[in-house]
Amino acid sequence: MHCLGAEYLVSAEGAPRQREWRPQIYRKCTDTAWLFLFFLFWTGLVFIMGYSVVAGAAGRLLFGYDSFGNMCGKKNSPVEGAPLSGQDMTLKKHVFFMNSCNLEVKGMQLNRMALCVSNCPEEQLDSLEEVQLFANTSGSFLCVYSLNSFNYTHSPKADSLCPRLPVPPSKSFPLFNRCVPQTPECYSLFASVLINDVDTLHRILSGIMSGRDTILGLCILALALSLAMMFTFRFITTLLVHIFISLVILGLLFVCGVLWWLYYDYTNDLSIELDTERENMKCVLGFAIVSTGITAVLLVLIFVLRKRIKLTVELFQITNKAISSAPFLLFQPLWTFAILIFFWVLWVAVLLSLGTAGAAQVMEGGQVEYKPLSGIRYMWSYHLIGLIWTSEFILACQQMTIAGAVVTCYFNRSKNDPPDHPILSSLSILFFYHQGTVVKGSFLISVVRIPRIIVMYMQNALKEQQHGALSRYLFRCCYCCFWCLDKYLLHLNQNAYTTTAINGTDFCTSAKDAFKILSKNSSHFTSINCFGDFIIFLGKVLVVCFTVFGGLMAFNYNRAFQVWAVPLLLVAFFAYLVAHSFLSVFETVLDALFLCFAVDLETNDGSSEKPYFMDQEFLSFVKRSNKLNNARAQQDKHSLRNEEGTELQAIVR
């Protein structure tokens with residue numbers, strides 16, 4: 001398929017004149033150099049994937065391994081210099097920490113003796129006799145392999161080769177098959193080492209796995225609430241908007257009240273002794289302060305913008321009419337979400353393999369440790385950039401597909417005969433012509449996201465320092481600047497993708513043309529469009545509020561046994577991500593419609609020679625919104641003149 005198109009027109013005198021808008025007339029391949037760059041970048045990612053498969057050993061993390069280089073549940077090869085390595089652990093699938101209540105961390109590594117066992121001891125063992133009886137009855141040996149179970153009670157080395165007494169009851173850690181102590185004291189110490197002292201990966205994994213059932217239920221709740229919000233916007237009425245805003249206000253106030261009540265309950269609970277409870281109390285205070293600030297800002301905005309509800313309802317009805325021309329747009333987030341999940345699973349699998357890519361080194365006592373290979377950290381950084389850039393590319397493809405479908409339906413003269421398969425048509429145009437444009441737009445977002453992550457990491461690193469107040473303030477300001485730039489680029493990219501779908505131009509040209517035409521026609525729809533986006537944002541807030549409230553109630557029942565800050569943050573992030581994935585369809589359609597409207601005004605005048613593409617309902621809505629804005633502007637000017645006149649009369653007297 002060949003590429004067509006011309007970017008500039010040339011007049012009779014030979015001088016170039018301004019490019020005209022030609023909706024869907026010309027099409028050419030755009031930003032091909034960026035597409036080639038993305039291909040080269042993914043070549044590097046494929047190399048890292050292959051290297052992780054060859055050099056990595058994700059099985060050590062998934063299945064666990066003992067202190068002698070044996071992977072649990074597998075038949076192992078011997079390590080030279082380690083006499084207890086190379087054993088057949090097919091029937092020993094669980095990792096048992098001999099001193100689970102006294103784990104230590106040295107150099108970011110757990111300093112512990114671990115064994116592969118058949119079963120975890122589910123009851124407390126108070127003596128070596130009980131340890132020996134447990135070994136004989138269950139076939140699970142809790143002492144070092146070199147010590148025979150018959151000698152547990154007679155060998156003088158039993159104190160150093162067997163677990164410290166008493167052995168706490170433990171259960172297998174799901175998926176990772178670790179024996180986790182179940183008594184509150186040991187669990188708290190065990191979890192504090194894994195969660196607070198090792199690394200971020202252990203913190204996230206421990207938080208997820210300790211509350212996995214609750215997290216799964218809350219994710220399903222967030223998905224159900226997002227679907228309910230999508231259908232609410234699909235069949236929206238004035239009454240529904242009032243009910244919806246009332247629910248948002250109640251949800252915000254309720255979540256704030258619950259958070260402050262939980263903090264009060266923690267501070268007045270004299271039984272708080274575990275580190276997990278103190279950590280939870282700090283997290284509740286932070287959540288309460290942040291949620292209170294967000295609630296105050298949103299309540300002020302709702303009060304200021306309350307008079308625009310009627311026009312907003314009409315706006316969403318027009319949006320729904322555009323969606324009805326391509327109803328499968330509502331299912332677009334499902335495909336995008338499925339692709340993202342597949343990519344994230346692949347990314348995590350490669351990350352785990354890279355994390356276990358190490359060479360076995362025999363230490364004192366015949367124990368085996370795995371040292372990371374050289375260059376792994378650079379691969380991690382490259383892999384992280386790949387996560388951000390590719391994720392943004394997938395999301396940008398969704399935006400481009402939706403914008404292309406809206407453009408196809410809008411610039412159709414026969415409104416009674418909508419185009420066939422607009423989504424497939426938009427996908428084909430994206431695939432054959434504009435992948436480079438999407439790559440470039442997603443790269444710009446990634447360039448802003450990566451410094452934000454670095455600044456956030458450095459800000460957290462300075463929290464523990466007493467003399468870093470100025471540095472923390474500067475990093476916080478930098479983070480806010482990057483956040484604002486990120487939001488601006490997201491809006492710029494969306495308009496650029498829509499302009500590319502209309503005119504077939506490259507990213508920079510499309511972004512410039514979109515900015516010019518929207519600036520020229522901003523008086524028509526800026527306020528209404530902003531309030532429509534605000535209502536959609538409130539829908540996302542409502543989903544997050546009810547999901548977080550459910551998480552607070554669920555996690556609070558086990559607050560003595562787990563640090564639930566990480567699971568709650570993950571649930572809140574997932575709830576917002578799901579809500580954004582579904583409700584962003586309305587946001588994208590809304591922005592694309594107004595850009596198409598601006599192009600329609602630019603290229604047509606409503607005459608019989610140049611009729612508008614828009615229908616009468618859309619045109620009448622814009623006229624009513626303009627009249628309302630003009631009336632309010634005149635009212636403001638009149639009130640200002642009256643105030644000035646009153647002051648002058650007082651001076652004359």
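Just so it is clear, glycine is given a Cβ too, placed from its N, Cα and C backbone atoms.
Annotations in TrEMBL come from automatic prediction, not curation.
Feature list (source: TrEMBL):
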type	residues	note
COMPBIAS	634-644	compositional bias 'Basic and acidic residues'
REGION	632-653	region 'Disordered'
TRANSMEM	33-54	transmembrane segment
TRANSMEM	215-233	transmembrane segment
TRANSMEM	239-263	transmembrane segment
TRANSMEM	284-305	transmembrane segment
TRANSMEM	334-359	transmembrane segment
TRANSMEM	380-407	transmembrane segment
TRANSMEM	534-555	transmembrane segment
TRANSMEM	561-579	transmembrane segment
Considering the transmembrane segment (534-555), which listed stretch of 215-233, 239-263, 334-359, 380-407 counts the most C-beta pairs under 8 Å: 239-263
Cβ contacts under 8 Å made by the transmembrane segment (284-305) with residues that lie 6+ beyond its boundaries: 245, 248-249, 252-253, 255-256, 259-260, 262-263, 266, 531, 534, 538, 541, 568
Long-range neighbours of the transmembrane segment (215-233), counting only residues six or more past its ends (CB under 8 A): 208, 240, 244, 316, 320, 330, 536, 539, 542-544, 546-547, 550-551, 554, 567, 570-571, 574-575, 578-579, 581-583, 585-586
Long-range Cβ neighbours of the transmembrane segment (334-359) (under 8 Å; 6 or more residues past either end): 48-49, 51-53, 55-62, 201, 370-373, 376, 379-380, 383, 386-387, 390-391, 394-395, 397-398, 578, 581
Long-range neighbours of the transmembrane segment (33-54), counting only residues six or more past its ends (CB under 8 A): 346, 350, 353-354, 357, 379, 382-383, 386, 389-390, 393, 435-437, 439-440, 443, 507
